[in-house]
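Copied over from TrEMBL:
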TRANSMEM  7-25  transmembrane segment
TRANSMEM  117-135  transmembrane segment
TRANSMEM  147-180  transmembrane segment
TRANSMEM  186-213  transmembrane segment
TRANSMEM  234-252  transmembrane segment
TRANSMEM  287-307  transmembrane segment
TRANSMEM  314-330  transmembrane segment
TRANSMEM  357-376  transmembrane segment
Amino acid sequence: MRRIYPYFTLTLIVFLSTLFLWLPFLTKSSNWLGLKLENSSFEYIYKHYDGPLYVIPAKTLYDPAKLKTPDGGNILAQPANYFAAHLPLYPLTIRLLKEFISNSFQINELAYLKSMLLVNIFATVGLAWFFYFILKKIKITKAPMLLTIIFLFLPRLFVVRSVGAPESLFLLLILGSLYFFEKGKYLLAGLFGGLATMTKSPGILLFGAYCLVFAEKLLVKKKNIERSMPKIDWLGIALIPAGLLVVFIIYWKQMGDFFAYFNSGDNIHLIFPFSVFNFKMPWVGTAWLEDVIFYFLLYGLTVISLFKSKQRSFFYFSLVFFIATLFIQHRDIGRYSLPLWPMALIAHEKFFTSKKFIAICIVLFPAIFFYAWNFLSYNIMPIADWTPYL
């Protein structure tokens, strides 16, 4: 029984922290500890970017005919290809859960929006469980529970795990892929990686990382890949790009455009190194970007610290993802770089579990909630008509 206590504890932490974060919106508080909330309601949570944008493909399955308003216009005044930027795995899980709760519990009111949140919360529980499991299994730290709790409360992750967002599912699938790769189960690593790629396109970077691991075995250690691992099993990582191919096929079948993702608008933000530091660009829009330097610093140190790690996929994934992050021209580097966060905790576990770090975390813990409440009241979609999301 003791083995399940940590998992029960983590489940409780996820649910209680989320519920407390939602409290000012559930209670419709107009003034929450000094923060003014105009027309406060739970709609703030439903409207948080980009959650509702995943509900629409969940309802329509990218069918252009269903992406029309009753008067023949486009939903959100956007062409059908616009929704191709929101990859299908998260919308499909929303749709499946919606069907389940509607048929099993007769929950029909706001069923898609409720499913949008529930899928993310369940994925967060699974993410916490699996991160804790990896820490225990690989024996990375003597304090796996403490490190997992710290993992859950990175401010940017705290927000995205509490609203409609695919990041928790994405991180869970990435960690699953990395774990099975380290265990030599390349078919499962490829399967999880392919599903990650169907959730968010940066999942394809797993494939590049694994190729570098194999290249190292050939060039650095001078091992023959075909002798050191079963050929069929090794080819399992091909499921990662296959996941992206499945996405393109879905778009081709539903929208008639195999490359709909690339035609969905300005959603590919890879420009050139450090291009985020340009306030005139539409996805940046501010010069207050000093926090981005700290993200680059933390994750750059993570790559260096993992250089001699026994878990070679951890190092190469961090390296590839960090380099890609440097090219992103978007204000929200904190969200785009989230897959590097568990790697940072693994690389610097002694620092993150030190008494000094824990002491200051206790002092700053309320600040994480104040940050999250402030962000939740700001980063919302201007939804006047809820019809497309119901």
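Just so you know, glycine gets a Cβ as well, placed from its N, Cα and C.
TrEMBL does not curate its annotations; it predicts them automatically.
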Among 117-135, 147-180, 234-252, 287-307, stretch most in contact with the transmembrane segment (357-376) (C-beta, under 8 angstroms): 147-180
Best-contacting stretch, by C-beta pairs under 8 Å, relative to the transmembrane segment (147-180) and drawn from 7-25, 234-252, 287-307, 314-330: 7-25
Feature contact check the transmembrane segment (314-330) with the transmembrane segment (186-213), CB under 8 Å, 3 or more pairs: yes
